[in-house]
Amino acid sequence: MEKIPSQDITPSVGHHTPGESTTQDMYAKRRHIYVREIKGLFQKVRRSANWALMLGFFLLPWLNWGDRPAVWFDLPGREFHIFAATFYPQEFVLLSWLLIICAFGLFFITVFAGRVWCGYTCPQSVWTFLFIWLEHRIEGSRNQRIKLDKQPMTADKIWRKGAKHTAWLLIALATGVTFVGYFTPIRTLVMELPTLEAHGWSYFWVGFFLVFTYLNAGWLREQVCIYMCPYARFQSVMFDRDTLIVSYDEARGEPRGRRKKSLSHTQAREAGFGDCIDCELCVQVCPTGIDIRDGLQYECITCAACIDACDSVMDKMGYPKGLIRYTTENALEGKKSHILRPRLLGYFVALIIMVAAFAWAVNDRIPLSFDAERERTQLYQMTREGQISNVYSITVRNLDNEPHTYQISVSGLPSLTLDHTSISVPAGESRIQVVTVLANPQDLNQPSHPITFALQAVQDEQIRQEREARFLGNARR
Ligand code: SF4
Ligand code: SF4
């Protein structure tokens, strides 16, 4: 597979000095990126997606389903409630399926449109954009923030910095409490946290998420995407020449240069200018601090802020939009782009098969699990009536939201009988029933016979499970 040439370019925001060295020193002092706020079509899409995701995250734990939280991962109770469904640890295979589906979804979207997941939906980006949005509201625009940072400590600066960090910490606290609210009912949690009645682990995880949200979104920001995120490191191998990427159209933009606004598009062309007016707006809006005009760089999270910035400049200049746009390497070189290509179709087919298999597994799921363990201390016993008896422990787990009574039956030999034929188990609980199985010695023609236990819910004929076991006895001569 041919790999797109990519470059490693030093983040230039904060200095924006043309001609500055472009080699990146791993140990270079970090330069703060003052991200300029920009409006535009893609930022509207990104903000809508971000608000929807955040609302979903913060509101879900507050929703109830009957008398319990709608989404509740009850670790001590070993029950995972997702709206009407309750899953148990023995159904973790479903969770594995879900994770595999997410991974293939990510591969598919990356082959199709690069790092759009990073730019539009990754929690690191969502929280960072939220923190930058707050920073902008409290400290002012990019230029005001640069000025403020250069100022000595004044009452205004102390107030603004204090308000910003307080707001960040409050959001980080809400994030921590909400996260823990997925594992402990949130209404109880918010009552118990201030009165120090909550569990020690709740304080630990709230504190953990508070600290890491504040650090990651407030201080580290693009450093997480560039240096810590493993996905950033390997996603480039999924790119090909037909992957949609954010690109600067060098053929159209160069030679770049500042010019009088009065110069029309044609006049600028005649004067030897390309369409880039070298305003650096695309660099100032970039949350990872790169200059997209240097070519594809792994730091680019495909957020399209530079597209919106450049389109607004093109609009003002009366030039056609799209100098920076979502395009493919092939399209940039004037070659044909192929949307449907074998690798993309392969991921798509794999994704569809896995989603279908998951839906089938969930739909076909029987909310009952049981084990039949033979008593190991004695092989078998002979009763006074001359029958052979084996003793079994039957552990029944009712995985349904309703209590059930189950009929126990056994088959495999003509004369098998049971001393207990039913067991009642409350919703979501387990019960153990010891049963004795009897058989006539005449039916036994070998020392060990396969038999089958069956459990059938009295209230629902769809709920039925079977388990194999062994019946031991004296073989008939
Ligand atoms: S925003 Fe557009 S015109 Fe301005 S520097 Fe970037 S590419 Fe050039
Ligand atoms: S280069 Fe453009 S798309 Fe890439 S991260 Fe920067 S602003 Fe976003």
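The backbone N, Cα and C atoms fix where each Cβ goes, glycine too.
The feature region 'Disordered' is assigned by TrEMBL to 1-22.
Only residues 6 or more beyond the boundaries of the transmembrane segment (48-65), in the same chain, are considered here, and those with a CB under 8 A from a CB of the stretch are 71-72, 81, 83-84, 120-121, 123, 126, 129-130, 174, 178, 181-182, 186-187. What TrEMBL lists as transmembrane segment is 48-65 (among others).
The annotation transmembrane segment is assigned in TrEMBL to 94-114 (among others). With a cut-off of 8 Å between Cβ atoms, the residues of this chain six or more beyond the transmembrane segment (94-114) that come close are 87, 231, 235, 238-240, 243-246, 300, 302, 326, 343-344, 347-348, 350-351, 354-355, 357-358, 361-362, 365.
The annotation transmembrane segment is assigned in TrEMBL to 166-183 (among others).
Outside the transmembrane segment (203-220), and at least 6 residues removed from its termini, the chain residues within Cβ reach (under 8 Å) are 124, 127-128, 130-131, 165, 168-169, 171-173, 175-177, 179-180, 183, 193, 228. The feature transmembrane segment is assigned by TrEMBL to 203-220 (among others).
Among the features that TrEMBL reports, domain '4Fe-4S ferredoxin-type' is placed at 267-295. Mean predicted confidence for the domain '4Fe-4S ferredoxin-type' (267-295): the pLDDT average there is 95.
Sequence-remote contacts of a segment are chain residues at least 6 beyond its ends whose Cβ falls under 8 Å from one of its Cβ atoms, and for the transmembrane segment (344-362) they are 85, 93-94, 97-98, 100-101, 104-105, 107-108, 111-112. Annotated transmembrane segment per TrEMBL: 344-362 (among others), in sequence order.
Here the domain '4Fe-4S ferredoxin-type' (267-295) has, by DSSP, the following mix of helix, strand and coil residues: 11 helix, 0 strand, 18 coil.
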